[in-house]
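In what follows, a structure is listed as structure tokens, so that the remarks can point back to it.
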Protein chains: 2
Amino acid sequence: MADALKVGIAGLGTVGASLVRIIQSRADELATTCGRAIEITAVTARDKSRDRGLDLSGISWIDTPEALASEADIDVFVELMGGAEGAAARSVRTALERGLHVVTANKALLAASGVELAKIAEERGALLNFEAAVAGGIPVIKALRESLTGNTVSRVYGIMNGTCNYILTRMEKEGLSFADCLKEAQRLGYAEADPAFDIEGNDTAHKLAILTTLAFGTQIAPDEIYLEGISNISIEDIHAAADLGYRIKLLGVAQRTETGIEQRVHPTMVPRDSVIAQVDGVTNAVAVESDILGELLMVGPGAGGNATASAVLGDIADIAKSQLGTQRVPVLGTPAVALAPYKRAQMQSHEGGYFIRLTVADRTGVFASIATCMAENGISLESIVQRGKPDGAESSKTIILVTHATMEDSVRKAVDAIKAESYLAGEPQVIRIERPQTF
Amino acid sequence: MADALKVGIAGLGTVGASLVRIIQSRADELATTCGRAIEITAVTARDKSRDRGLDLSGISWIDTPEALASEADIDVFVELMGGAEGAAARSVRTALERGLHVVTANKALLAASGVELAKIAEERGALLNFEAAVAGGIPVIKALRESLTGNTVSRVYGIMNGTCNYILTRMEKEGLSFADCLKEAQRLGYAEADPAFDIEGNDTAHKLAILTTLAFGTQIAPDEIYLEGISNISIEDIHAAADLGYRIKLLGVAQRTETGIEQRVHPTMVPRDSVIAQVDGVTNAVAVESDILGELLMVGPGAGGNATASAVLGDIADIAKSQLGTQRVPVLGTPAVALAPYKRAQMQSHEGGYFIRLTVADRTGVFASIATCMAENGISLESIVQRGKPDGAESSKTIILVTHATMEDSVRKAVDAIKAESYLAGEPQVIRIERPQTF
């Protein structure tokens, strides 16, 4: 049997501690499967004195991540600290420059510096694996990087933030408001005290930026993503969606268009009888549509110490199985030097169906005016629903329009035209519709 | 750049022809991604003169698969002929013994001889990849073999036969009989002229046997699978299932129990709001439940020339990327010499919910008798539905029972006891219920 693979771990939070326990308790199985032992030889974390319930005897404690990366006797540097800059970024770069293999769960770092890091890894013949960075335990990086080789991807999209999906699911199933569901998510530990990063879509955007690069072979471009969070979604939207045969999910979508790559994160209506519509709670799902394979959907846990540790362990095992580290899967699917520049498709040219909810004064001519604004912008309608407001406090009513496929630009112009009239009794709500290819 | 990977293909049917076209038309992308060119240098098929619309210039035509395997100047032998014995079996063995890497889509061969072939491959340091053999384009082999390393799997199950899923979906959506849907499937090319292999569950069983070995590290045991096909499912069952909140799917299920590994293929009721219940038509889905990662579900095309070719190409690309073929993923997840003997859990000790549909004479005391037979076998009931027969031809009625989790043995005894009474007006229908862990 080959020499043990020596692993150094930077970061002993939930994921790091879970990883240590798993590697120690399954040493024999791992050695059998990988053809060599996997041995944790060094660790580093912020506080040496903290009791993590781990047996760290025989493992070197290193004071800083940078020292672990530059000096420790390890083959693989596992980065589980997080953050796009600072110690995580410095130590990962140092490890790769030293020729060490790196495994990381750090989506922020990859979104910010993935191409640069991939270049260093490929120059040094090191592996850089990051399955845990996107959709936790779902092996979507491996699918895109390995299984889909030779395919031309047309669209990749998914539910990649458990907090948002939990909130939207609760709102729908229990008729609760966004604010109440957010509080509940915070109480259960599914949402941070400052939830903006999740609910405004930034977390999904980081993950989407990584998937876009793997899917389309372009430079990572996290700042080129159209972003809309879920805080604006009301229970009324969810009920209206249900009535029309849809459910609302926060999707990250990247898609090849004639003018470039569209990247967008926004609340999305998906057909109720599609498979992805059934993905509830904190569960994640990622779909990839490509020209040879067709449609692939993967559903699983998007977060959690164990699920994330499982993905990290799979990455370490891949390195262990690759004798002498000679397997050369390009880090980002395409060799970093061969990545194309990212060319952004303008959101105005996005084409799709739209749900538009308008609260209007209950007076003669309003409906005709709305219909005219739509027609003048070339928008044809799939369905129109008009309801009285249940509270009856004002003489207002709700009009819901669902459009056939149309341009974002046309929808914005039509809505602006409606806003210029005097009958609107509230801000119009616009939600994009996304349809899976076949299931 | 390293030397081109020389590929020999045995079999130029739908999948083989599709593979040739893809490798030829995407040569540049493949070379970039894999770090070396992938070149088809030799092929063999039954009829040399047949026009397949392929450009085979510059490719050696070899007369037999055995000659391709033993003599041609190739690095990888791709077997796309099919069949557990004969030329496919002989040539794959020959290729492995020669130290060539092998890629195959042949589930029958793997179910019959997978362990033996894995041993030869591992002794010779050759790779044996077979992603296309189970669930077509869905990368479930890779997930089990690589991503889940270190996990202990508790259950693997799935919809792995498109013909059956197409028929069941049509029956449900259109209220058609099994016979009518089968005819339609044959007309559309989704079912063979002799459909027994699909609809009686044998095809699913081959695939399940392979998944079981990957999931549980035991010898392949296709003959130890409990088997029930879908020809016995009536539209009445489907309607009754829908009323109770279930849909009927043909599942292959392998599960770890205290007494051994359960392997079974049978029509199954799954909760209507589960994700897998939403998988319709010819689409396949495979779920894996494991202790670290949790639950993973993959949905995609289970068959078709292109989807299958995509999986085969992914396998070839893995070999190309593994410089000098030094990556050593064990063929069956566990090294073949370390596979445990397969220990079968008896079907009688299977535990789960059951749907039981009885057609009985409409007379006093029948219901009490049925309830007594259930109670005497310790079976507690989740729901009971009684309906008159719509045709009214006889004075019979239908009684539907859904049990809480109980033993197969108890259900069989209870049904036998009911059959011993005089009031049954038809063969009892028993359908097992399967519940996903969380979604």
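For all residues, glycine too, the Cβ spot is worked out from N, Cα and C.
Taken verbatim from TrEMBL:
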- A:LYS207: active site, proton donor (ACT_SITE)
- A:ALA10, A:GLY11, A:LEU12, A:GLY13, A:THR14, A:VAL15, A:GLY16, A:ALA17: NADP(+) binding site (BINDING)
- A:LYS107: NADPH binding site (BINDING)
- A:GLU192: L-homoserine binding site (BINDING)
- A:355-433: domain 'ACT' (DOMAIN)
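Known features from TrEMBL, placed on the structure.
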| residue | record | DSSP (3 states) |
| --- | --- | --- |
| A:ALA10 | NADP(+) binding site | strand |
| A:VAL15 | NADP(+) binding site | helix |
| A:LYS107 | NADPH binding site | helix |
| A:GLU192 | L-homoserine binding site | coil |
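Separation of the C-alpha atoms of A:LYS207 (active site, proton donor) and A:VAL15 (NADP(+) binding site): 18 Å, rounded to the nearest whole number.
Cα-Cα distance from A:ALA17 (NADP(+) binding site) to the residue listed as 'NADPH binding site': 19 Å (rounded to the nearest whole number). In terms of DSSP secondary structure, the domain 'ACT' (A:355-433) contains 23 helix, 31 strand, 25 coil. Long-range Cβ proximity for A:GLY13 (NADP(+) binding site), meaning a same-chain Cβ under 8 A and a gap of 6 or more residues, is found for A:ALA45, A:LEU80. Each residue contributes its Cα atom, and for A:GLY16 (NADP(+) binding site) and A:LYS107 (NADPH binding site) those atoms are 16 Å apart.
Each of A:ILE9, A:SER18, A:LEU19, A:ALA45, A:LEU80, A:MET81 belongs to the same chain as A:ALA10, A:GLY11, A:LEU12, A:GLY13, A:THR14, A:VAL15, A:GLY16, A:ALA17, is absent from that list, and has a C-beta within 8 angstroms of the C-beta centroid marking the NADP(+) site. Separation of the C-alpha atoms of A:VAL15 (NADP(+) binding site) and A:LYS107 (NADPH binding site): 14 Å, rounded to the nearest whole number.
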